[in-house]
Amino acid sequence: MSVAIRVIPCLDVDAGRVVKGVNFADLRDAGDPVELARRYDGAGADELTFLDVTATSGNRETTFEMVARAAEEVFIPLTVGGGVREVADVDRLLRAGADKASINSAAVARPEVIDEITRHFGSQVLVLSLDARRVADGSTPSGFEVTTHGGRRGTGIDAVLWAREAADRGVGEILLNSIDADGTKAGFDLEMIRAVRAAVRVPLIASGGAGKPEDFPPAVQAGADAVLAASIFHFGPVDAIAQVKAAIRAAGFPVR
């Protein structure tokens, strides 16, 4: 693997503040999004992801003003998601200063929107945000189910098959988040990463479960091209990004 592994802090935004919870619940305040973005840029983050965690469930649009402020302050790629439903939403985000848009619930509801967005802007601007959870009852072939609305609603759709369909439709990369592992700090769901990696060729961002620097190399080993986390960066040591990169490098993978 010669392409550098990207380390991406995730800023879950609710009502203009960065929050972090466990399993998408019990949200705790982590600070001002633009301030944190500036801090992470300076600390060596490769990219930043903003997810408006209540935009879809509360039917609110993503805060374009926050994106514009962040884009003025930071000089690494910004991905923004939450409430992205159509071409016009992506257009507004890109004009505000985002480099990429992330889509989740709207694509599950109407997969053709992926084709429409990528036809307009190209695959490189669209990230599929895939919130998946384990199902033990054999209700999906892979044992992983797509969820929507911040992990609150099951869909009955197989997560691996959905990843493949989205890639076929043109998404540029997939942000794979384990709802079960999210916020637990117990490590990534490696089985889930391996299953999706085997099904798609587009870059794969692993998310959900990171608690310490040593949790990251196994995710890369399982097939992730990038690793995304929140708690370890928001509430961990100030040099957490450097520690994560050092751990990945020590495991034999290139980092920037």
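Glycine residues also receive a Cβ, built from the backbone N, Cα and C atoms like all the rest.
What Swiss-Prot records for Asp12, Asp131 is active site.
Asp12 (active site) sits 14 Å from Asp131 (active site), taking the C-alpha atoms as the reference points. Using a 10 Å radius centred on the Cβ of Asp12 (active site) and all shown protein chains, the other Cβ atoms total 25.
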